[in-house]
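According to TrEMBL, the features are:
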- 156: active site, charge relay system (ACT_SITE)
- 197: active site, charge relay system (ACT_SITE)
- 370: active site, charge relay system (ACT_SITE)
- 446-588: domain 'P/Homo B' (DOMAIN)
- 1-30: signal peptide (SIGNAL)
């Protein structure tokens, strides 16, 4: 009996392992590892002494020149649903320990949709001038720029360093295996080649011009790879990857991020944030490391890349995608932080990206924004070869100017306050390698970055159907060292509480009239957590004067009735979905409806919803494809239709009670049965049971929110080419709330973090 009990203690029970797996798979609570990040004074000797004293293994520094150390304890379970309080407190009590954190596993998703193939250079349509509006790489090549002397590292699942189209350009000093803590980034092989992602991205950048496969954009650049996605991903793993050899590596390319599921809001942790800051401050001898990031593949889930703190960072150069025919890809995320775009995959009739593949092969089917970011990294390598003295901000400036909107199709193109066309899908357009190289050779370095922070909200605000906040920026820190005349990035740090976060649309309007949609409706985001000190970012006001009236709009676009009904009416022949806001009917259009009366041909990516063509089905509806009667050519016609969910569901995959994906307010979700419980309403709420009531649309807003943080932070420079950056601190200060006579929930909200213009 004693031996069995000992076995039970030494090995986690099967049930515990199953729970850990389910916790990770379902995105539940944190899963803690047996590693700690520790900041302490006294250097490496003190770190080793403290680690040994408490039974930890000292694994070294997180940063080469820092005070953050990496500890591991072999007696602590490698994966646990609970933090290890005892070990944590022992370290915490040490006088030299200034900060520590037990590392938790992070979910990261590779952004790719790939099928292996055997390509040739003639199939690289985006490089070889086959189409009239390609990336114009031939122009840079003809000028002699091929990436020579530039080092690019792919942060991913490894790189096949012996691939015949990569080996000659492989750079071991730009490579490391963070997952196994050794210098060899060779991918782990398995039956389905799931770790081919990094090798494919590497080939786009620097595949050798040697008559094998195709060629990389910068085919004479050096290429390395960091194996960091094929294992547990923690803050330490990300920080070590982002800070690898920053005086040797010029460009870091990343085609991954938090899950693109339309409901996640997550950014880098403390250490990864430090890595970004150290990179732009100290990397490349003080010129700043260049971080190129894929904007995200969550378009099918209506995700928004401003909810991804990596692409949303001012320190990353975020890259979107367009297809061979200049269309918005079905997977592409739209957001105001995207700076530029390159080519990738689209529909079945459009070609994809040619590159190296695992097991010494090649493919012509690399896809997603995963394929777009490495193309941009290669083009940036050409520009750095042309002018190695460009700073990280210089590069963003010339990318803005070298991106062209020509032939890119989108419904949101607009001119900003300085006359440039800009889109939430493409940023400033398709990146032109020839133009970028030309600008690089002539560019004068911008002056130091300035930050002007302005408090916008000093008293609580009430949010109902729509909240508009205005701030007249008179001086932009005139008379101080932070005076700004020209913007680069603009940030809005916001804290708000809301019962269904995904129903909010937040827009920022600059004094120049530029409207940046900071976040659009995300139907799958049913979180009641709101936004907690979340920093949204826009690049759409680049080079504008920050002085004048700034406007922040927060608008409810969701369904707030317990019965799930929409109230509709006709206006000028166009059907508009509306919501009863208090006692008045306001004509607030929900979702991106067609602006013309319904036409029988609702084709392509659109869905029939009543008499409308919509880009996606609203909450309480799901999409199906139906075959209609035969036409005059005796052919069946298939259309996409929005069909009602079961009345208990907020979003669904079918019309059954067991097809629910998310539940309405006051209902709980049963994951096993995929169903929603009957709603349980707060006492004295004034809300009646929809099943036993007359099913009228109650004028309630259970999602009336608490907006808590909003400061205006302007970042830029004195001269026309300047930049900006900033971050405000704010907390949630909920005032007294209650229910009014019509059944509306009201609350006072403190706003402490509006736009930060960078």
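Heads up, the Cβ atoms here are built off N, Cα and C, so glycines get one too.
Mapped onto this structure are the features recorded in TrEMBL.
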residue: 156; record: active site, charge relay system; Cβ within 10 Å: 31
residue: 197; record: active site, charge relay system; Cβ within 10 Å: 27
residue: 370; record: active site, charge relay system; Cβ within 10 Å: 30
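In the three-state DSSP scheme, residue 156 (active site, charge relay system) falls into the strand class. Between the CA atoms of residue 197 (active site, charge relay system) and residue 156 (active site, charge relay system) there is a gap of 7 Å, rounded to the nearest whole number.
The CA atom of residue 370 (active site, charge relay system) is located 11 Å away from the CA atom of residue 156 (active site, charge relay system).
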